[in-house]
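So the structure is just underneath, and the comments pick up after that.
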Amino acid sequence: MTVAASAVSQEAEEPVSYTQCTEGYEYDPIKEVCKDIDECALVSDACKGGMKCINHYGGYLCLPQNAQIFSNLRGVAAGASQCLPGFTLDEQNYCHDVDECSQGLHTCNADQICYNTRGSYTCQCHPGYQKHGEQCVDRNECMLSHYCMHRCVNTAGSYYCECKDGYQLASNNHSCVDVNECDLTQSCQHQCFNLLGSYICQCDQGYELAPDSVSCVDIDECAFSSYMCQYVCINSPGGYSCICPEGYQLQRTRMCQDINECDTVHECREDEMCWNYYGGHRCYPQNPCQEPYVLTSENRCSCQSAGACRGLPQSIIYKYMSIHSERTVPADIFQIQATNIFSSAHYTFRIKAGNDGGEFFLRVSNQTLYFSALVALGRSDVKPFVDKLDITGHTVHSVLTQFLVRQGKA
């Protein structure tokens, strides 16, 4: 007959700091510990009815003669000459578990770990490996479960996680968090804007991104169009500026406006008048008339003596004009008109002087009541110049009038 029982054991000797022990123990003054009392040796008839006495920590047990008891720490054999497999009998007739792992009695492979169990042992693989038959093979953690947020890299017996570009591993070594490249390094030459997993660069006004998407290069605004500035466009880092020729001032950002020196500062004398033209000014006598002519109205010189003006024009008109260059030609400049006093008279107009380059020509119109001539600009490729154009009008009887035109062309 075999009876299995369990009992909570206590250490046979326990250190104490006093001389009184719990029931079932006695104080050992030499070792200064409480020692278990063997009641089976002290009491001859501790068990009745043919039961045998088995000493136990802090007490004893009465069991049948063929019974075996196993405690949590060791097996105790009573009346038996051998123990169960995995146990060994000691000199006190107790069955102790055999630690096959420490004694080298196991059959585990070199790449396995031996774990002792009660009455036996088990062979297990190292972490990161799993059994395949009797062998340990690598466990592919990346295939078994999704451990990593982005990429899982399997290694022998383990694995590690990787993140996509623009991310970095979090403190748990599994999650991925965005990398703020704008805070880490000077990634962009001008402005950096962080994105999830990336970043973009932007340039200041007047610049554009280079092919490397990081550097900034100046934009040559002047190369975009010839209309950026009315006169000359000057490119500069990050911008541009317009400049005007001498005698002009910049209006707003691109247009050139003539400076009227006659309204500001000029060097004309009191007996001179200041005449402004595009890009400059000139000083002319307030009375342009010379003997025998006298000033009769603004810019008109008339001869008061027929005898003194014999063979000369009756009157001379001074006209000052400023003409823009690069005009569409032909372009009418001004008109000369003579009233028809004599019905039989015939009038002619011609440019007497000042047209050596052929810049001007006349358009003559003969009407019933008056005759006129339009002075027109015939060329637009001429450079800026100041010209004195002498235009005369004639009849078949006498010279009616001579027009002296001073023209500044800019």
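Using N, Cα and C of the backbone, Cβ positions are placed for all residues, glycine too.
Any TrEMBL annotation is an automated prediction that lacks curation.
The domain 'EGF-like' annotation in TrEMBL covers 97-137 (among others). If you look at the domain 'EGF-like' (97-137), the same-chain residues 6 or more away from its ends with a CB under 8 A from one of its CBs are 74-75, 84-88, 156-159.
Annotation source TrEMBL lists domain 'EGF-like' at 138-177 (among others). Long-range contacts of the domain 'EGF-like' (138-177) within the same chain, counting only residues at least 6 positions beyond its ends with a Cβ under 8 Å from a Cβ of the stretch, are 126-130, 195-199.
Residue environment of Cys152 (disulfide bond) contains 18 other Cβ atoms, counted within 10 Å of its Cβ in all protein chains. Under the heading disulfide bond, TrEMBL lists Cys142-Cys152 (among others).
Residues 164-168, 237-240 of the same chain sit 6 or more residues outside the domain 'EGF-like' (178-217) yet have a Cβ under 8 Å from a Cβ within it. According to TrEMBL, the feature domain 'EGF-like' maps to 178-217 (among others).
The Cβ of Cys182 (disulfide bond) lies under 8 Å from the Cβ of Cys188, Cys192, Phe193, Asn194, Tyr199, each of these being in the same chain and 6 or more residues away along the sequence. Look at TrEMBL and you will find Cys182-Cys192 (among others) tagged as disulfide bond.
Taken from TrEMBL, the feature domain 'EGF-like' applies to 218-257 (among others). Counting residues of the domain 'EGF-like' (218-257) by DSSP class, helix then strand then coil, yields 3 helix, 18 strand, 19 coil.
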What residues in the same chain, six or more past the boundaries of the domain 'EGF-like' (218-257), come closer than 8 Å to it by Cβ-Cβ distance?
204-208, 278-280
Give the number of CB atoms, excluding that of Cys142 (disulfide bond) itself, located within 10 Å of its CB.
17
Would you mind checking how many other C-beta atoms are within 10 angstroms of the C-beta on Cys192 (disulfide bond)?
18
